[in-house]
């Protein structure tokens, strides 16, 4: 299904070519032997879920990171793109996902930033050039407006303008539509079209299939760091939009031939009469400037059941977990655990009642990095007996129990006095799991429990999650890894835009159904 | 503050888990004494530059601050308010809250004690009058910290700014109170009524050392034990080291924040009271010894360890008593003590950086 694109076929030369580019981070392979050819006059869409390796790829093209293996060719010449400045000099301009303009300065001032410091900024020259570019592209930018007064779409135009002012031949747009209105998205599409007609190359990164099909001349699909397929311009022209989308879904969520992590899942039957252990009704959280809200979230989890939450990252999964754990204030709805109403209770009381939350932010909020392993085991139990008596720390008791947990959960640490921040992610995760499974547990929310772990730790963690469910607890498993959910859950609910858009029994064609729900199509 | 912030977080639990080992202890000794010696040399150069013989200055400071019987008694007496202030700062800094309003809280505590003491001894037994004066000073200082505490707890307003602003206001308010409300009509000097010497805190044995020293030692050791050995102290340390982890663990961060400010300011108020009720006897107008600011570097040098802080406070006390004498004799401004302390702090920070860098390169 992949057509090799190393040869510069049909006349259009490659501006940039990636040859078997691999990028490794400690414990993670972000890009695995990716081939890519970026040609003048084409909008090349990079499509993939979060964690597929899109951002790392862009990082390497824009000079922020260097490949671990493989090489990047610019105009056919192997080039090490050493820095963002170097990338700009080579004609590679990047518009990042998050705006990189100074909000308190005017548009003109933002565009003049980066000139030689010993020269007076050439404001007249800038105005002339902007006028020319604006005329040919049909974009109107008020140079004297403050950036903070512009809409996000206008800010994006300024960023694109900035890249063009620096004579970019290749323009990389990283998730540029994620913050735009539908109108803004259409305008951006039209602008991209005009830019490639002038001979520019554009790399357009998105996880929205409609945009890929609508704007792209060539589509490459990334999955877990690998390029799993490419749709050439000829194919794109030949197919209808629906056919393109169907093909992309197949590429993104299709089954791998041989999956080492694949485990036969035994379907379990839950009788409908079983009283649910965790009941959530119409949970709502208002949206904030930076995070989506939640709207009428309802679900039940029966004892021993594993409910998965699928969805593209940032659709309210974290808010759901935090609202359930009591960290986030809700504006409506109710949560019942074993028939007991938890509404209005804080984090500590909910935990005491048996509702546990394994955070996905292990270092940011899960642990205190400078504190020893032993204390981190009991971070959520400070002041409770037998580790504290009348408020006084019982160090022997803490150390004894911590030693037991280290053995029981196979934590590899030099000592229980080692600061937890020095351990690897997998070992930190074992400590956090031990903490959440401390006695009294009834229901556990696992938020991306295997994120960033190596294979051995991933498998161990999954087994731990299964064991929790098997022992009769209610388990909510939030994950962006569809394979993980399919291999573990009894049911999978799909989250999008802060709401549950559908729930699928995990059997038979669940993969396709969930995949379609995730990208905004009915199951 | 950034250098100091990293110091807090990297050493937050250190006293609870001492890393044993002779090599480590030796290294630490070198890392502490080396920079202090370097600082003495640099400060000596400054003294040379202004035409003072540094050896004479240092000799004089040690002679008057440590070796002469009267000097060492003054030094030990001076430690009392400094220990209370250090105790208050340890609580705040370990909880990650930068209460820099110590001077305002100190002065308001001092004025409250100076107003209440002479008044209450007229019709209460001395010991009860003193206890009441201490309590009042604590309460007033706590009240003064309430505004920064509430702003920090519920609005996230940076307490460095607010406590500093409140300290300016507090200093002025203390002055106003001395000049208007509690002015002693029987003297021409603007000051509060004087607590008779026989009603002040008793002196220790046959010396001139005020028993405030013992109170200060008890306070700082108690604070140290609470911070390192109790659930309450650990909660405060979690808030200080990782506030998000504190929320995630279900700690009531706003309540803890207010408690930290109250304890920290209360101890500063006690420092003021112990100085008035033990030594000064009254507050003169425009009196501001600025102990709070001088103690901050000591607490950092001690890495928020209560026992180490006792040692550094002793050092500061010697410098300050000896420095005052040297100021009179050699014409070096007595603020030179602070210059010396800040040079020590800078050299220690540089040493820390070099040491850290060295360890990193050695590991690689």
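Cβ coordinates are placed from backbone N, Cα and C, and glycine is handled just like the others.
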Which stretch does TrEMBL mark as transmembrane segment, out of B:59-78, B:79-98? B:79-98
Out of B:13-35, B:36-58, which range is noted as transmembrane segment by TrEMBL? B:36-58
Spatial neighbours of the transmembrane segment (B:204-227) far in sequence, C-beta under 8 Å, 6+ residues away: 15, 70, 73-74, 76-77, 79-84, 86-88, 90-91, 94, 233, 236-237, 267, 270-271, 274-275, 277-279, 305-307, 309-310
Who are the long-range neighbours of the transmembrane segment (B:79-98) in its own chain, taking Cβ under 8 Å and residues 6 or more past its ends? 1, 5, 8, 12, 105-106, 152, 159-160, 163, 210, 212-213, 215-217, 219-220, 222-224, 227, 233, 236-237, 239-241, 243, 256-257, 260-261, 263-268, 270-272, 274-275, 278-279, 291-292, 294-296, 298-300, 302, 304, 306, 309-310, 312-314, 316-317
May I ask you to check whether the transmembrane segment (B:160-183) and the transmembrane segment (B:258-279) make contact, with contact taken as at least three Cβ pairs under 8 Å and only pairs 6 or more apart in sequence counted? no
